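Asker: Got these off TrEMBL a minute ago, pasting:
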TRANSMEM  221-244  transmembrane segment
TRANSMEM  289-314  transmembrane segment
TRANSMEM  326-348  transmembrane segment
TRANSMEM  360-384  transmembrane segment
TRANSMEM  390-412  transmembrane segment
TRANSMEM  447-469  transmembrane segment
TRANSMEM  481-507  transmembrane segment
TRANSMEM  519-539  transmembrane segment
TRANSMEM  551-573  transmembrane segment
Amino acid sequence: MQSDTAQIVISKHLNLVNLCSIWILIDECNFVFQYQDKEEVVLWMNTVGPYHNRQETYKYFSLPFCVGSKKSISHYHETLGEALQGVELEFSGLDIKFKEDVMQTTYCEIDLDKGRRDAFVYAIKNHYWYQMYIDDLPIWGIVGEADENGEDYYLWTYKKLEIGYNGNRIVDVNLTSEGKVKLVPNTKIQMSYSVKWKKSDVKFEDRFDKYLDPSFFQHRIHWFSIFNSFMMVIFLVGLVSMILMRTLRKDYARYSKEEEMDDMDRDLGDEYGWKQVHGDVFRPSSHPLIFSSLIGSGCQIFAVSLIVIVVAMIEDLYTERGSMLSTAIFVYAATSPVNGYFGGSLYARQGGRRWIKQMFIGAFLIPAMVCGTAFFINFIAIYYHASRAIPFGTMVAVCCICFFVILPLNLVGTILGRNLSGQPNFPCRVNAVPRPIPEKKWFMEPAVIVCLGGILPFGSIFIEMYFIFTSFWAYKIYYVYGFMMLVLVILCIVTVCVTIVCTYFLLNAEDYRWQWTSFLSAASTAIYVYMYSFYYYFFKTKMYGLFQTSFYFGYMAVFSTALGIMCGAIGYMGTSAFVRKIYTNVKID
């Protein structure tokens, strides 16, 4: 009778999972139950792994733990995001009923032979701990501990659960590990548990607050970094305003009264030489197919970042396993027309004829980069038998999203972009013969500008990078998405201002290769972010091992590249508007 009840409850869980796995972001779909008295409460065992390597996780029962007497079921993935994040939920077999206390009860026995003891000893040496879930509330416990001399090892055998409820909902779960038993080969170890229910005043909506860390994320250093970045924005906006209002005004006056200038002023002509390249400034960039694909992808990444942050500010996505990743995948697929529109229209304006090839490259540029990295790391995860190994079915699902959702929507955006804004309406006519680029100071070379262009944008976000890295690579839950939105706005303003200033000086040096320079000078922010990730790895974490190291640097490379493409697209779009504006207002013979 008890196993039938468990099967009914498990069936209810799985049915709700199937309804919620389509990523519909509504409040009603939140994987929680309102329980009746003595109704079955399922304790799910998730993963186990070393404390210092958060992403190196294995199935809970990969260690020789025993399972309870309740009938177990095969593990399942609730959402695509959970499948990609290595969530491995398995039924614990423990008999837990709502509001029904359980005294200390032995639920299984481990026959500790030499192989099983060695497995537990290895886990204890590497500080393994495990994760469980009750009603979507995470619980963590440590496998065991060693004595001071490191000679004897002990296993925690008693799980003491204290569950808080408010009305007919679970609002709090605490685990205390007791029953320290020395690991001796060829002995039997009894595993036990107890459940204590207590009434709680915690509201159901606030039950995840205990997992947050306001003292860390709302520290005054965080506020100071935002203030510092804000002051940088004021400085840069002032600098750009000075260029636009003072320097350009003098330039316009000079160009309109050139015949009245004396010889000394004519000798200073190089300082105001941007008008002299009016016949080449709107010349198509080199490699327009790749360039337009990068711009389209960058615009899409920006749209995804903006939408996901807004959704995270409205909905507490951190309360649901894998919901952030599922949301990001869904939004990325839905915003594919943005990629096609901006990439396709830019390619058409630059005279590109292979628009189908451009559409394919733009559609698969980011997915290929992410999937290629994941595919490489997946081999290592399979070798380690880690739960992070992506199942074949999940790979097929991701490929189907790329081919049957992203590609068609990208095609729609490309067609709209080519037809609505694909005509080259430049304010200046492009000369048939390119103008030779004169020699200039070394610091005005595009390569130098590219290297220096990313310093200020990185300076405006590197404190926020620390908080984001800590939440992803350590055990903090990031929830201050208002900060992230503010930092994103600051990053956009700083990036646009920096690229406009760089482009202005480049054009003044009569170098009209501003398209790639504006993109790469903003995209070089990614180089500094990736360099910072090395510092974070070696000085802020205690990660070790091939799997965790490859996982860290592989996905940090993906993150940095995506950030660079987004910044590059933002920088180019702002600079393009600036260039078009200044050449629209100047009188061209």
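Note that the numbers count up from 1, one per residue, in the order the chain is shown.
For all residues, glycine too, the Cβ spot is worked out from N, Cα and C.
Those TrEMBL annotations? Automatic predictions, nothing curated.
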Asker: Is the number of Cβ-Cβ pairs under 8 Å between the transmembrane segment (390-412) and the transmembrane segment (551-573) three or more, considering only pairs separated by 6 or more positions?
Answerer: no
Asker: Pairs 6 or more apart in sequence, C-beta under 8 angstroms, 3 or more of them: is that satisfied by the transmembrane segment (360-384) and the transmembrane segment (221-244)?
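Answerer: No, the stretches stay apart by this measure.
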Asker: Find the member of 221-244, 447-469, 481-507, 551-573 that has more C-beta pairs under 8 Å to the transmembrane segment (289-314) than any other listed stretch.
Answerer: 551-573
Asker: Sequence-remote contacts (6 or more beyond its ends) of the transmembrane segment (519-539), Cβ cut-off under 8 Å?
Answerer: 291, 294-295, 446, 449-455, 457-458, 461-462, 465-466, 469, 473, 495, 498-499, 502, 549, 552-553, 556-557, 559-561, 563-565, 567-572
Asker: Should anything in the same chain at least six residues away from the transmembrane segment (447-469) have a Cβ under 8 Å from its Cβ atoms, list it; otherwise answer none.
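Answerer: Distant Cβ neighbours of the transmembrane segment (447-469) are 216-217, 221-222, 225, 228-229, 232-233, 236, 476, 478, 480, 483-484, 487, 490-491, 494-495, 498-499, 502, 505-506, 517, 520-529, 532-533, 536, 540, 567, 571.
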